[in-house]
Amino acid sequence: MSQYDLVVIGTGPGGYVCAIKAAQLGLKVAVVEKRATHGGTCLNVGCIPSKALLHASEMLAEAEHSFEELGIKVGKPKVDWAKMLAHKDKTVDSNVSGIAFLFKKNKIDAHRGTGRILGTGRVEVKAEDGSTTVLETKNIVIATGSEVMPLPGVEIDEKQIVSSTGALALDKVPGRMVVVGAGVIGLELGSVYARLGSEVVFVEFLDKILGPMDGDVSKQFQRMLKKQGMNFKLSSKVTAVSKKGKSLEVTVEPAAGGEAAAETLEADVVLVAIGRKPYTDGLGLKEAGVALDERGRVKTDAHYRTNVDGIYAIGDVIAGPMLAHKAEDEGVALAEMLAGQAGHVNYDVIPGVVYTQPEVASVGKTEEELKADGVKYKAGKFPFTANGRAKAMLHSDGFVKVLADAATDRVLGVHIVGFGAGEMIHEAAVLMEFGGSSEDLGRTCHAHPTMSEAVKEAALATFAKPIHI
Ligand code: FAD
Ligand code: NAI
């Protein structure tokens, strides 16, 4: 007899959600986590702490740049960095302890230690003191997430040369910061420090920022960030970082190569944010015979099954976007399948949000993808400069773009850059989940005055004419 129906290794958004859902459906569940607290990368050193610093620094920018125009007089605001970090830490604490509470509430056994798969049905847990316990279970879920992608030749010390983890806990706001990679992490954390007063330069390999996003969005967004004082070296790569006293010398070369064209940037802190890679160290996958794909991710089928009976995987450690909500939805779907129900994730409708100011949000296909797939489409666009609420809030930068099938009018993609884009994107996600058309969206009554009216107007621009431009 197995002790458990399910043992989940890793309690990030994928693992903890899978465990809770499975327990709700009547399975006897245990989790194994090597970190002192639950919640994984996302709650401890990712989504949640970054959003605490993003919000605090946005408030600073509002006070510095908007209050006067809004008729509010306060002196020049000052940054209390220690307090800002304390706000971040308190936010993390309250979220991670919430997960521990949910485990208790759902009668899930939480084992602290490193999990290693001994084969079908057996997981060894090694505690910090070296002692081991073996859990017996019908099913095992690998939800061990991802780790920082290293930059060859550049050693991360998490003090001066940092990954996102070090960047969330710097001892002071740096004067000059070089960010390697203008992707999601780089742009979010780079904009935190730019608002706090650092001179920020991004070195990006590609010729655009936010590579996978819609080209229109990426171009306009870069202009907005430039206006906020951030600088970009596109089509460039960092080949070396050396310490010179308290400073760092960063060697930048053209992406295509060419030492002759190399230049040196000086920085106090370098943030390396060139992607993340699946984390499978010490899990015993080789010995257990679990296959990986060519990029080191655990290989699964559409039902999250690995090639070994009774072993499944979800989240950052498998293929697909490395997003917390993707991991969570996979956790729910897998728990449902293990409980004998039909679980499903619609990978065509997974929103992506960059929590900068303004935010960037996207769901479905970009124009570039539709062109590459040879799909005939129509596009409607509406700027926030023509939206009353945006003007009242001094947040009229950006636009909404709706892409719909030319023949059927079915919405295929929605892209927003603007204040609150991360909230607005969900009406597009729901519409697309139901196979809705741009006419459905454009004829749905939207409350006035809201930023969301720009979504309706962009939809109107797709199948007819918008009213306000
Ligand atoms: P993880 O959250 O990485 O959790 C895996 C857990 O497994 C960890 O706690 C780890 O300690 C544990 N573990 C690993 N191996 C073992 C083992 N052998 N035994 C026991 N435990 C083990 N995504 C978003 O959607 N929105 C955001 O705003 C966002 N912001 C981010 C900001 C930053 C700075 C970073 C780095 C990431 C961000 N992400 C964001 C991505 C998000 O954090 C990940 O997609 C998400 O955490 C993946 O969840 P997961 O459960 O697959 O893995
Ligand atoms: P990313 O893949 O978003 O961006 C990495 C960037 O670095 C790319 O633009 C790439 O072209 C560039 N790059 C790669 N090698 C380089 C080099 N040698 N020199 C210069 N540039 C180089 O990865 P990032 O930002 O590290 O984030 C990792 C993951 O975390 C992402 O998959 C993302 O989905 C997730 N995440 C999500 C967030 C959100 O949803 N808001 C926030 C933060 C992270």
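Note: Cβ is positioned from N, Cα and C throughout, glycine not excepted.
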Cysteine from C18, C42 that TrEMBL links to C47 by a disulfide bond = C42
Request  = Report the candidate from G115, G119, G175, G289 that shares the FAD site with K51, T144, G145, S146, D316, M322, L323, A324, H325, as recorded in TrEMBL.
outcome  = G115
Inquiry  = Given that TrEMBL assigns G181, A182, G183, V184, I185, G186, L187, E188, E204 to the NAD(+) site, pick the one from G113, G121, G275, G282 that the record assigns to that site as well.
reply    = G275
Separation of alpha carbons, C47 (disulfide bond) and E204 (NAD(+) binding site) (Å) = 22
Query = Which recorded positions among T144, G183, I185, L187, M322, H448 have CB under 6 Å of ligand 1?
reply = T144, I185, M322
Contacting recorded positions, sequence order - K51, G181, G183, L187, H448 vs ligand 2, Cβ under 6 Å = G181, G183
Task = Identify which of the recorded positions C42, L187, M322 has its Cβ surrounded by the largest number of other Cβ atoms within 10 Å, counting every protein chain shown.
result = L187
Note = Spatial hits near C42 (disulfide bond) (Cα distance within 10 Å) out of the recorded positions T144, G181, G183, I185, L187, H448 come to none
Task = Average the pLDDT scores across the domain 'FAD/NAD(P)-binding' (4-331) and report the rounded value.
result = 97
Request  = Report the nearest neighbour of S146 (FAD binding site) in space among the binding-site residues G181, G183, I185, comparing Cα positions.
outcome  = I185
